[in-house]
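OK, TrEMBL features for this one:
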type   : residues : note
REGION : 1-23     : region 'Disordered'
DOMAIN : 81-172   : domain 'Pyridoxamine 5'-phosphate oxidase Alr4036 family FMN-binding'
Amino acid sequence: MIASTGTWDRCRSPKRSPGCGTRLTKELFDKSLRRSPDGNRRRTVVSLQRAFESVLETPHAISRLDAVLWQQLTLAVTDPEHPWSVGTLITTDAGSPTGQPVPDGRMVVLRNVVTARRTLECHTDVRSGKVHQIQDCRHSPTPSDLPSRIAWLFYDPAAKIQLRLQGRAQVINDASADVAWKDTPLASRSSYLSIATPGTEVPSVLPPSTDDRIVSDEASERGRASFRIVRTVIDRSDWLYLRPQGHLRMATVYAGKSPLSRWLVP
Ligand SMILES: Cc1cc2nc3c(=O)[nH]c(=O)nc-3n(C[C@H](O)[C@H](O)[C@H](O)COP(=O)(O)O)c2cc1C
């Protein structure tokens, strides 16, 4: 087979499984699904509104909402139709031409979630700007291995639910990256096959060719050299639901064993 130039799609290996940290109860899973209105295609789509409403109707919802939040993130890893399957990863560019650290965000596919460790992962090219930003701006007074601060942003326009996460990021290239690379189908591997560094300015009026990404299975192995996991460990979240009967906002801190959630004035 030959890799197409389709790049950041949600092509998945059939072997892929969601992060092991969350067990989705069948009840909650069913509650988050609804039938698509387009009768012909009969695909099942996730309703975030339904998932969160099912908990909001119960007493002490504040102690249960965070679990739903992580269950939905876990679902988003394996369901390309999930509204949170793609999010914005925000880093800080400490080496910007302005001389000031500037925030920088971009869309990425959510590839793995492990609730027990509060980790979210995406895949990227080691030559990309975000990797340099994560590795450059450690924001630590002393040189250390402390990962840099990052944020994630997810939004579901249908449910009008926003999720902001903050934490730390590390760029991973260990055995878990080998496994993730093996699970990356040929079409997605093309994202890592460009000969020139992604983001390089092109001195031509024509857009650059992407023919270097159309390769066979075997030749796609050269992409492994550029492939990395960005692993983020989340330490706080801010969930906002523009609920028709009144907006709701909840902040959660993940410090000890149990998350600590509080209502905020929306
Ligand atoms: C829907 C969508 C999904 C994307 N997914 C990824 C991804 O999973 N990983 C990635 O590195 N870039 C992804 N990209 C491309 C990034 O948004 C970005 O353009 C690219 O990674 C370069 O960003 P950087 O220069 O800040 O590193 C995606 C773009 C779109 C529109």
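Glycine is no exception: its Cβ is also placed from the backbone N, Cα and C atoms.
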Taking every residue in the domain 'Pyridoxamine 5'-phosphate oxidase Alr4036 family FMN-binding' (81-172), what is their average pLDDT?
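Taking every residue of the domain 'Pyridoxamine 5'-phosphate oxidase Alr4036 family FMN-binding' (81-172) together, the mean pLDDT is 90.
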Run through the domain 'Pyridoxamine 5'-phosphate oxidase Alr4036 family FMN-binding' (81-172) and tell me, per DSSP, how many residues are helix, strand and coil.
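Looking at the domain 'Pyridoxamine 5'-phosphate oxidase Alr4036 family FMN-binding' (81-172) with DSSP, the answer is 11 helix, 47 strand, 34 coil.
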